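Okay, so here's the structure we're looking at.
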Amino acid sequence: MAGGGFATSAGGTEFEAKITPIVIISCIMAATGGLMFGYDVGVSGGVTSMPEFLEKFFPAVYLKTQDKELNSNYCKYDNQGLQLFTSSLYLAGLTATFFASYTTRRLGRKLTMLIAGVFFIIGVVLNAAAQNLGMLIAGRILLGCGVGFANQAVPLFLSEIAPTRFRGGLNILFQLNVTIGILFANLVNYGTAKIKGGWGWRLSLGLAGVPALLLTVGALLVVDTANSLIERGRLDEGKQVLRRIRGTDNIEPEFLELVEASRVAKQVKHPFRNLLMRKNRPQLVIAVALQIFQQLTGINAIMFYAPVLFNTLGFKNDASLYSAVITGAVNVVSTVVSIYSVDKVGRRVLLLEAGIQMFFSQLVIAIILGLKVTDHSESMSSGFGILVVVMICTFVSAFAWSWGPLGWLIPSETFPLETRSAGQSVTVCINLLFTFGMAQAFLSMLCHFKFGIFLFFSGWVLLMSFFVLFLLPETKNIPIEEMTDRVWKQHWFWKRFMYDNETKLPHENDK
């Protein structure tokens, strides 16, 4: 059952570690937080393209989609209220992540995941039973709180419980579950759109209860990480957990390193203030930049609104949902590619290759739409329609083995223990802020930019690829506690931010 491995420290010490059943089960259970997040991303685009849902909650949009005189391919879904339905989840998650940072640090990763599960369950009940727009938005806000807590705790949990050499692959389980959640939502929407009687959207929103229950039960069953237990002063418990998850009695070297890291972390009274220290700037800049760039690839715009987008491009309702299912399936398969390759070829290679693939696919999409889809054309030929779907799949596959999982993995493995909770909180916060902005603005941008929206995103893809090329160091197979010595102090640019007197803040060095 267990696969052996060694994590090597900078001093040559080998931390013995196996892939034990408890690690596999804990990672799968914890990663269901990603399943919930993915389902929420995928389901909103599907229900917002269902006429019965629009008629009940967004009659103005419904009339625009039905009125042939007013019909405009690029602008028929442009409505701030409709965008608020999607984006309110991310705004709530943005707020919740600050509270989640506290609970992750003081109460542990496990309890934070449990809190997320409870928020999810209550939010699902409100959404499925919604009688008016207020009830619908309230449900989305509670789901957003769940997202904030889950996205804070789960990546940290996975990074800490996994042996170093398998950390990348196991951490990407979170992103894999996000993609499975999106695919599951697309399949559900495809089925519920055919239900007669106008209640299909309730089933779509209600089935979010499945991943919500999985996360809640999973949070009750998993063990907390040794890092978290030691951080909270429960040393004996931490040692027992470390012995169980590593599958060996030879855990003393790793245990002592965790205790030392915890001792250093306890000296930090203000972790958010500490993030601004000069020595922590490289990790902070990388984490913030990755989150901003992840959203500016345009992926969430495509995934939120895939059915709406395909409707806009001239696909009929059935075909648009079917096309969304195809892109969801490509997303899942490509994330599996990342799990197998991230700890072999490294983070940088995946990001750079994907940059080229995403840039050219978006360029081709923009050219086809510019030539073939006018504001009032009924549809493009099936040949060009298939080519657009193929190009969107090419784009989605590249994202799914690069910016999707690595946007979460790299920040979770680069912050030192004393700023890890605060760093993860900032990471989630920036991600949700830009996700909110993209969800709120995309349909309006589509209306005004038309096919140029894909040129806008491709320009950002080019910029982020140069950022990776020059400023992102490789973190493959390096223990989390040794990132400073083996990564940041060796990098051509970031090494200038490392200095010996590490307790002083930047402004104090000037005195």
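Each Cβ is built from the backbone N, Cα and C atoms, and glycine gets one as well.
Positions annotated as transmembrane segment by TrEMBL: 19-39, 81-99, 111-130, 136-158, 170-191, 203-223, 284-308, 320-342, 349-371, 383-404, 425-445, 451-472. According to TrEMBL, the feature domain 'Major facilitator superfamily (MFS) profile' maps to 26-476.
Sequence-distant residue pairs (6 or more apart) of the transmembrane segment (349-371) and the transmembrane segment (19-39) include fewer than 3 whose Cβ atoms are under 8 Å, leaving the two stretches without contact. Within the same chain, residues 42, 45-46, 49, 168-169, 172-173, 175-176, 179-180, 182-183, 185-187, 189-190, 193, 302-303, 306-311, 350, 389, 392-393, 396-402, 404-406, 409, 476 sit at least 6 positions outside the transmembrane segment (320-342) and bring their C-beta atoms closer than 8 Å to a C-beta of that stretch. Using a cut-off of 8 Å between Cβ atoms, the transmembrane segment (170-191) and the transmembrane segment (451-472) share fewer than three residue pairs, counting only pairs 6 or more apart in sequence.
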